[in-house]
Amino acid sequence: MAKFTNCLALCLLLAAVVGAFGVELSEADKSAVVNEIAEKMALQEMLDGVDKLFLRKMKSSETTLTMFLKEMQLKGLPVCGETCTLGTCYTQGCTCSWPICKRNGLPDVAA
């Protein structure tokens, strides 16, 4: 309904501009303008659907990324995400393993 209202407002604005300046448009010009407006509305409607699809996928992939990072932290894998500066790491629980900081994990078991 909002798109129809936008199109109607745009057509009325076009009619007002044409009427105010006394510009005479031929039937072909009027038809071309109306067709262009209709094409742009159809394109906008298609893009709105694509936006919704991407937003849905982005939310699900963001959730997947969050779950993956939590799982990595629980397993003690390196996810500190910082570079060693003067041999120290600023993130709590991380140690310097040049050139990156790694999360402290369980000690290695001797074979």
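Yeah, the Cβs are placed from backbone N, Cα and C, and that goes for glycine too.
Per Swiss-Prot, the disulphide partner of C80 among C84, C94 is C94. Rounded to a whole number, the distance between the Cα atoms of C84 (disulfide bond) and C94 (disulfide bond) is 10 Å. Around the Cβ of C96 (disulfide bond), the number of neighbouring Cβ atoms within 10 Å comes to 17.
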